[in-house]
Ligand SMILES: N=C(N)NCCC[C@H](NC(=O)CCC(=O)O)C(=O)O
């Protein structure tokens, strides 16, 4: 038997709206708004609880330490860590805003994952994403690698691809997998927005994922070429605000749930998926929405989690915005009423993350595992009700309810963040995993 483990990012104490992501309409539109880190983290935990209550395996990925003081030291700021934070803020608040981001919460961008059934050596492979397209995200990979290794000690974790825009890699947000069931060999579908080493017309918004990066990940994971596809996302979707493919498409099992403008030539895409699926023994089912692209971006209809349920059916975890967008809600209702595996929909309040362009699918990394491999996961990070309650209590103890841009320069925030993470590593039996812990604590 095999299952899908979802690893959700626990929202960090510095969650804020700095408007850092060009091409991400929610991030730009909410620049300067006051965030509520406590509400953001509790909303994320509630999503994890929903999956636990559905009987599905759920793990948590801890936040990263912020600000990243070693990075600021490399830029010439020195003294104690507090002095580094303070002098960097005086010199350049916009720079510090980048180094305070809680963006590692969107674990769909942490790595690309291939299950052991798909890889040449029969091991689970992950490649940490370099996230080079956005400065605030390009600092995530080293800590992400460490945390992934802690959660999945037996998996092969490849370091991020070279930090070069030719190899722009945004992880699982641009990767889909289709198969008869989680345990069967699957078709791995990489979706890119740009072919870096060619003279092609550029899009208005950046195509963050390159074909060069996707192919490198496919090689590193030892994937079978016959069961791998590289598809291009349409420029139309990118320019409408679909900065990752998971804003316009999600797959699970035999089902692809997507917007008609996600790919330029839908009929060609469907044909090639059908052809590649044949030797893998399954018939793909396409649930395609023909609704305004703006409604898709605004509601995040396709940034939903499409889950295989213990009863053999599939369920959708959607943001409340879908419920409030008539065309999107009508499409969900149509799918549930139709003759296909999708049988239920759950609408969750994820407003704090959504205002930064992060829906249910952005907040989770999917890892298909055999039952044996699931037993090797670091068990304190596997959630149940008691552990979720401990994390609720942890959030309530340490998190602020309001954070403005100016608060990002507050040296007390760095200390609060470190104190909270120290406690968290104990609750999750992680030992010393952050740089500040290895250097001997907050200064
Ligand atoms: N689609 C997926 N899988 N992930 C969503 C990531 C959202 C993230 N937003 C941000 O990084 C905004 C941060 C700010 O503006 O403060 C991004 O654009 O990379």
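Placed from the backbone N, Cα and C atoms, the Cβ positions cover glycine too.
Nobody curates TrEMBL annotations by hand; they come from automatic prediction.
Taken from TrEMBL, the feature active site covers 170 (among others). The number of other CB atoms found within 10 A of the CB of residue 170 (active site), across every protein chain shown, is 30. The DSSP secondary structure for residue 170 (active site) is coil.
Annotation comment: TrEMBL describes 244 (among others) as active site. Sequence-distant neighbours of residue 244 (active site) (same chain, 6+ apart, CB under 8 A from its CB) are 108, 109, 170, 173, 174, 208, 209, 362.
The Cβ of residue 362 (active site, nucleophile) has 25 other Cβ atoms within 10 Å, all protein chains considered. Sequence annotations record features per position, and here TrEMBL assigns active site, nucleophile to 362.
Cβ neighbours of residue 137 (substrate binding site) (same chain, under 8 Å, six or more residues apart in sequence): 101, 103, 109, 131. Positions annotated as substrate binding site by TrEMBL: 18-27, 109, 136-137, 208, 246, 356.
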Recorded positions close to ligand 1 - of 22, 170, 244, only those whose C-beta is under 6 Å away: 244
Binding-site residues (24, 109), the one with most neighbouring Cβ atoms at 10 Å: 109
